Amino acid sequence: MAEHVDNSDPKGESLMEKIADKFHGDDSSSDSDTETKKRAAKHEVEVAEPSSLKDKVWRLFGREKPVHKVFGGGKPADVFLWRNKKISATVLGGATAIWALFELLEYHLLTLICHILIITLAVLFLWSNATTFINKKPPHIPEVHIPEDPILQVASALRFEINRALALLREIASGRELKKFLAVIAGLWILSIVGSWCNFLTLFYISFVLLHTVPVLYEKYEDKVDPLAEKAMHEIKKQYAVFDEKVLSKIPRGPLKDKKRE
């Protein structure tokens, strides 16, 4: 009996050892799985960090949308950014022809409209009467109507912008915003200098050309322009802080400004 008991003990011990090894193996596998998950999570964080830093890149004028979305994302944006080169070239060429016609050839708007109407009416009138002699159908002259909705939308948008400009001028004139006051005065002064160099039509044409060239060039080289613009903005803010400390802070504030600060 003693021998039987002695022979059974090694079997029991070996069985217990196998069960313990199994539990230890499960624990080690679970630990390895946990370490693998931690490494994977750390790798995802490291991968996500550059993209988040990329998203926080400084953009000109603090914009967060692409240039195409800034211009509305519709057909006008396609024209300004040369998505369709034929249409953009046609628009720019037509504007150049109009500017040359009025500025270089010194044509007048009323004279141009009258001459166009005379030629158009004469051609259509003669064509309509000639068809009775040559047995052909008269020309189809479509009915032209000005739609109401686009006119109302343009008028509403124009009214909103004018009201916002008037509110800004009123706020500046009341002596509340010195920074805006200086910016508007500087802008109007520069605009007056430019206006003394050329007339309104030439100024409008220059603005039109810039609108068709600067955005597309900026969109193409924005990664190079934005860092330079960021440095320039930091320098401007630095110089403005010095100017504010030495000059603007010494100017006595009005009662509205003091009341607002309190």
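Cβ coordinates are placed from backbone N, Cα and C, and glycine is handled just like the others.
As recorded in TrEMBL:
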- 1-27: compositional bias 'Basic and acidic residues' (COMPBIAS)
- 34-47: compositional bias 'Basic and acidic residues' (COMPBIAS)
- 76-262: domain 'Reticulon' (DOMAIN)
- 1-47: region 'Disordered' (REGION)
- 108-127: transmembrane segment (TRANSMEM)
- 181-208: transmembrane segment (TRANSMEM)
Taking every residue in the domain 'Reticulon' (76-262), the average pLDDT works out to 85
Long-range Cβ contacts under 8 Å made by the transmembrane segment (108-127), restricted to residues 6 or more beyond its ends, are 101-102, 138-139, 141
Same-chain residues at least 6 beyond the ends of the transmembrane segment (181-208) with CB under 8 Å of its CB atoms are 92, 95-96, 99, 102-103, 168-169, 172, 175
